[in-house]
Amino acid sequence: MREIVSVHLQTGQCGNQVGSAFWQTISGEHGLDSSGVYGGTSDQQLDRLNVYFNEASNNKYVPRAVLVDLEPGTMDAVRSGPFGQLFRPDNFVFGQSGAGNNWAKGHYTEGAELVDQVLDVVRREAENCECLQGFQITHSLGGGTGSGMGTLLISKIREEFPDRMMATFSVVPSPKVSDTVVEPYNATLSMHQLVENSDKTFCIDNEALYDICMRTLKLSNPSYGDLNHLVSAVMSGVSTSLRFPGQLNSDLRKLAVNMVPFPRLHFFMVGFAPLTSPGAHSFRAVTVPELTQQMMDPKNMMAASDFRNGRYLTCSTIFRGKVAMKEVEDQMRTVQNKNSAYFVEWIPNNIQTACALSPPRGLKISSTFVGNSTAIQEIFRRVGEQFSAMFRRQAFLHWYTSEGMDEMEFTEAESNMNDLVSEYQQYQDASADDGEEYEEDAPMEE
């Protein structure tokens, strides 16, 4: 049985580093070594390997990944890294000039020159698929390439493959850790695109990752490698049901149908368990209640917004390893009953659970959490405030206008983001009996 295919795009420095960590993780789970040769032990590993990998000759598997950047540095780092031999050499597409943290360069000038080259590679990968399911993109929203060129690619791919799913793993700017001054501009302009063109966006944020590393994993000085390791654990968890036989959410579209009640509200927060410091997990057995409690703990969410400030529209949990389905179902029911204030009551059964038999490497059981909560508006609100403060004074605007952008675009992006925040707020405040107010206008029965 031929399975579905995901073309994986990595744009910019952040996207490539996170993406490479992801490929490293899933290669290990499928029993592939650093050059893509299969040496695994179980048939399950091979069963749906073709979702993410193409089979080359002599038992070698190649990731269906396209690596994109506007400067060669990141590519060289990936190539010379431990898994550099895994990727197809033709799938590295890079410019020479860099985007200089400027969204306009990534979207309109430098990125636009490179985009056709990238689309050729994407087209070639898509044509080799028997039944293309969709695209998965890793990028950051704060820089120039991942945000500007990433969103350009998303809209171009949308034009060409309008009926395919588009999932993005987006690293959103964090409240205290800022890499560039113009982050709010880049992020707002990107959000403007993602709201329209992405089907689901998993929001990840560096500060939340730092907090997890320091608070839970007890690392005193976390490196980007540690952060990427966390993200790749979540990405691997989210894609488990695509890669291993299971019952629920077995493709991108099914997950989206279960998770997105209104098309614009497709920004998810993610969590993972068990998170223990590297030496500690051998000292205790992990139980399903513990996993559930940990993955739904606000401290372990990988986006800096606290779900207790909003309500869940929907959420999905993926358990991996030998867990009893009944135990999982009971546990999730308990969670929903205890925390009913944090779930909207007008979507019944809004928790989905999926189980897959194969655990991640080094763990007996694990769980991943994906939540569509109205609290995610905190992120947009925060970025929006920073955006307004700078835009009111027209600070740094010349960098964008000199690349041919119009102030109008900034205004549109700002109002689109404000609309998004108020939509989240509206559904947070809605209750099950709100429908009655419309019935006054109904004609009287004779």
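Backbone N, Cα and C define each Cβ position, glycine as well.
What you see is a predicted model, and the numbers here were worked out from it, not measured in a lab.
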Swiss-Prot annotation, GTP site containing Glu71, Ser140, Gly144, Thr145, Gly146, Asn206, Asn228 - matching residue among Gln13, Gln44, Gln293: Gln13
Cβ-Cβ neighbours of Gln13 (GTP binding site) (radius 10 Å): 23
Recorded GTP binding residues, Gln13, Glu71, Ser140, Gly144, Thr145, Gly146, Asn206, Asn228 - maximal Cα separation rounded to whole Å: 23
Structural state of Ser140 (GTP binding site), classified by DSSP into three states: strand
